[in-house]
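According to TrEMBL, the compositional bias 'Basic residues' annotation covers 1-12. Taken from TrEMBL, the feature domain 'Sodium/calcium exchanger membrane region' applies to 94-252, 290-430. The region 'Disordered' annotation in TrEMBL covers 1-50. The transmembrane segment feature in TrEMBL is assigned to 94-113, 125-148, 154-177, 198-217, 232-251, 289-310, 353-377, 389-406, 413-433.
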Amino acid sequence: MGDNQHRHRQQQHHQLPAPTTYDRFPKRHQNTNEKQSRLALNPGGESGRRGFHPSHFLRINFRSTSRASTICNLLWPFVPAALAVRYTMEERHILIFTLAYIAMVPCANLIGFAGQELAQKLPRVIGMLTEITLGSVVEIVLFIVLLSKDYFNVIKAAILGSILATMLLCLGFCFFVGGVCRTEQTFGGTISETGHGLLFLAGVSLAVPTVFGQGIFETNLSGVELDDRTLQISRIISVLLIIAYAAYLFFTVTTHHGLYDASFAYDEHRDADKHEDARKAKLTMTECIIALLIAIPLVAIIAITLVLQIEHVIEVSNVSDAFMGLILVPLVEKFAEHLTAIDEAWDDQMNLALSHVLGATLQTTLFNAPLTVVVAWGLGKQMDLNFDIFNLVMLILSILTVGRFLQDGKSNYLEGLLLVLLYIAVAVSAWYYPNPTEGH
């Protein structure tokens, strides 16, 4: 009888779940430990220096994070060339646009590198969100400059194009590059499932004004009244999306911080070249801030130069509004984030790469795009979220496709190649898409 009771207790013991942090510590101690973990600086990002050292600053920035980033820094001479041509040859619109487009690459790369150096000094989760936000500076600046010129069609195409470029092109290259030397790569479900779920919700929310505007066939409303109601719906949805983004940040940084932190820590341990990265010279906190103070104004100036030429380029070339907004503008605005994510996928850090891809996409969908509508609202401009049906259908289908590839928690080079080919198909369609008859 005693033996049976002993065996019964053993069976009960084995059926119990493994103790967690919540079981081992009182709630008071657990909250304190979690708060300290969220706020603790990352010693791996320390440079061993303080202040500003010009020679180190220039050398480290030129070297950047990878060979691709170093090659981008060879394009810095295009920055003064673009500005010089803008003020001396004002009628050469295509030349100015081309030079400004190329000049945006090293400027965006500097923002991405300085943001990455800054993020490495911060706690993992906060650092990742900071890096994604800084990487979106180029996009926000471009949206605001386009808004000042009333290029609403280009902005709408750029919003969806930015999402497509990050989801299809960037994620496709991450899967392909990471899978070339490996049979497959794995990633955690927390980042992929939460990110894709929010992305699908945001895509449906962005579709609501378009469905409302296009779905009403029999009504006594005039065209002006229908447009006004669509505009009001767009503004309300924009506010709701910004609230959703704030909730996502709270979810990531506070209530579910441990899940994200564990995924990033796991990636740091399996980093293919972590020993080489540890030996690399790093920027100081002061140098990170100085680099950002240099790059962000340059991006604003180059963005203004670029946007001022868009109308002329469309008029004198075969480039359509759809191709300009859906393909050309998003490619340059997301350049730095794409390089960072691809480099992480190469090093087998797929959780970090996915965080960059999905985080940047959510930043555009839940914050940057709604922010543009809210800013336009404050300026009295009629910017809404009534998208072109072609672009919107491409967005929803792309979200569903990416979700299908993410659901098993594994990736390989074939899936990456298919995503890139899908992006090329969208780009070809945008090239042949006609301009609206009412003008830009």
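Cβ atoms are placed via backbone N, Cα and C, with glycine included.
Unlike curated entries, TrEMBL annotations are predicted automatically.
Comparison of 94-113, 125-148, 232-251, 413-433 by number of C-beta pairs under 8 angstroms to the transmembrane segment (289-310) places 94-113 first. Long-range contacts of the transmembrane segment (413-433) within its own chain (CB-CB distance under 8 A, at least 6 residues past either end) are made by residues 157, 161, 164-165, 167-169, 171-180, 320-323, 326-327, 390, 394, 398, 401-402, 405. Secondary structure by DSSP for the domain 'Sodium/calcium exchanger membrane region' (290-430): 117 helix, 2 strand, 22 coil.
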